[in-house]
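Worksheet for the structure shown next.
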Amino acid sequence: MGKFPLREQSIVLIGFMGVGKTTIGKTVAKKLYRDFIDIDEEIEKRFKMPTKDIFRLYGEKTFRNAEKDIISEICQQRLKVVSLGGGAFLQKEIQEICLNSSIIFYLDLSWDRWKDRIELLMESRPVLQGKTMKEMKQLYEDRKPIYEQHHSRVDTDYHEIEEVADYIAESLKLAWDIYEPTS
């Protein structure tokens, strides 16, 4: 897995939109002394506008192509913590890039816990705009099997950001010590 030693491979966080990938990713990056990159923010920088405007003006296809290009570029770098947008991992090419070059953590939040966050998510998530609760649940269910392509799954239900970040950092350190001992 990957062209870099395990200790240097980038860490990629995947999961449904709004599960905390960005917040947890920033915390993990601090704990591991790595740079944090949010793919959606990188796309927004390139287009110089928010994601919802990119979707509206250029369409989802243009957004997804930019997403693939940026992920491909960033996953070839070492020592990063990367947060993918909720829909990024739906692209087979992105799955292959990430699985072959990085360590992937799937942040799994149950539907019931995710529903509690809907109010906070609606404005900033173009994919949710105009959807009923039933349609959102279907989207959640449809994407869940895709996220099963990972190296490690983390159940985030009822866990604080710090707890999840500690778990990820400690499990990585353990894996590094087992598979690449320093002495």
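Count begins at 1; order follows the chain as displayed.
Every residue, even glycine, has its Cβ placed from backbone N, Cα and C.
ASP40 is the only one of ASP40, ASP112, ASP116 that Swiss-Prot places in the substrate site (with ARG64, GLY86, ARG143). Summary: among the binding-site residues (THR22, THR23), the fewest other C-beta atoms within 10 A of the C-beta are counted at THR23. Rounded to a whole number, the C-alpha distance linking ARG143 (substrate binding site) with GLY20 (ATP binding site) is 16 angstrom. For the binding-site residues GLY18, GLY20, GLY86, the largest tally of other C-beta atoms within 10 A is found at GLY86. The Cβ of VAL19 (ATP binding site) has GLY86, LEU107, ASP108, LEU109, TRP114, THR156 as same-chain neighbours under 8 Å, each 6 or more residues away in sequence.
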